Amino acid sequence: MSTAMIFVGLILSTILATASNSWLLAWLCLELNTLSILPFISKTKHPRAIEAATKYFLTQATASCLLLLAGTSNAWLTGTWDMTQMSNKLTSTTMLIALTMKMGTVPTHFWLPEVLQGSTLLTALLISTWQKIAPMSLLFIMSNNIQPTFTLTLGLLSTTFGGWGGMNQTQLRKMMAYSSIANMGWTVITLTHEPKASMINIFTYIILTTPTFLLMALTSTKTLQNMTTMWSTSPLATTTMALLLLSTAGLPPLTGFLPKLIIMNELVTQNLTLLATMTMMTSLLTLSFYLRTTYLTTLLNPPSSATSATKWRQKMIKNKTMILLPTATTSTFMMPALIP
């Protein structure tokens with residue numbers, strides 16, 4: 001019962017923050033959102049989980065302090081808490097830093113890999129997807145008042161550090177965390193020029209990441225070593241996992257390529273061809289570790305070429321698999337077909 005109430009609070013706080021028009025109400029909803037996710041992070045009672053919950057709380061509390069400072073300063077200068085009245089550069093920049101800290105972009109990204117690694121796969125799914133909706137919606141509302149140079153710099157740094165950070169990872173949750181950082185870079189980089197493209201990118205990422213984490217949880221896969229023997233559990237789920245990873249990396253003609261194409265087109269339209277080229281080059285870093293993971297998933301078939309012993313896993317439940325796989329397959333393939 002208590003878990004259900006906490007989950008309802010998590011959902012309602014995000015909806016209210018998204019629908020609010022006042023910085024004070026948005027701050028209250030984000031605080032409720034933070035307090036609602038903490039029991040899920042620390043539920044396992046493991047030292048790593050407690051550490052992850054502490055890091056998450058401290059980071060989100062710092063971001064909330066910055067958000068309240070920016071909102072209060074803006075209310076003092078303009079006489080209103082209205083989100084659309086952010087004409088002061090200092091307050092809008094402070095608000096941008098606070099919201100990007102909540103989502104995990106460079107340079108305030110260091111908490112995300114550690115928190116995901118200390119959480120369960122389903123909790124990591126919530127942090128990587130649902131927890132980004134409210135801050136991203138607030139950024140969308142104030143996108144007209146954000147300094148373009150600042151967002152372009154944050155976006156390029158996030159795509160670069162996200163790609164480099166995921167190169168050496170053997171833990172899938174940390175790899176997905178750095179992938180999230182890189183994807184947030186793609187989202188932020190075009191926020192001031194074409195905020196709708198940013199929203200398309202973040203929601204496409206959520207659609208692709210959700211079945212990826214669910215498949216990892218369903219097959220008890222947490223490391224690259226586990227991926228080498230995943231084929232023996234369910235070949236169909238393994239193939240779908242590989243396609244989801246490649247789609248998240250932005251490999252055409254899969255779904256993940258569509259928002260990146262839109263963002264590149266917008267950057268070139270704004271005469272930012274050099275920045276567009278640099279961003280595309282950094283996406284190759286993300287593609288490299290996703291290709292490595294895909295190779296371990298689909299091209300190493302035990303027992304002949306496995307690099308590790310087969311991990312004991314629970315028996316796959318066919319009903320769950322049959323529900324999950326069509327959703328994952330649809331999200332991977334069908335969206336490019338919508339392009340006119």
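We number each residue from 1, going along the chain as drawn.
Cβ atoms are placed via backbone N, Cα and C, with glycine included.
As given in TrEMBL:
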- 20-286: domain 'NADH:quinone oxidoreductase/Mrp antiporter transmembrane' (DOMAIN)
- 57-78: transmembrane segment (TRANSMEM)
- 90-112: transmembrane segment (TRANSMEM)
- 146-164: transmembrane segment (TRANSMEM)
- 199-218: transmembrane segment (TRANSMEM)
- 230-252: transmembrane segment (TRANSMEM)
- 272-291: transmembrane segment (TRANSMEM)
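If you count C-beta pairs under 8 angstroms between the transmembrane segment (146-164) and each of 57-78, 199-218, 272-291, the highest count goes to 272-291. A Cβ distance under 8 Å defines the sequence-distant neighbours of the transmembrane segment (57-78), meaning residues of its chain 6+ beyond its ends; these are 23-24, 26-27, 30-31, 34, 38, 85-88, 90-92, 94-95, 97-99, 101-102, 108, 111, 115.
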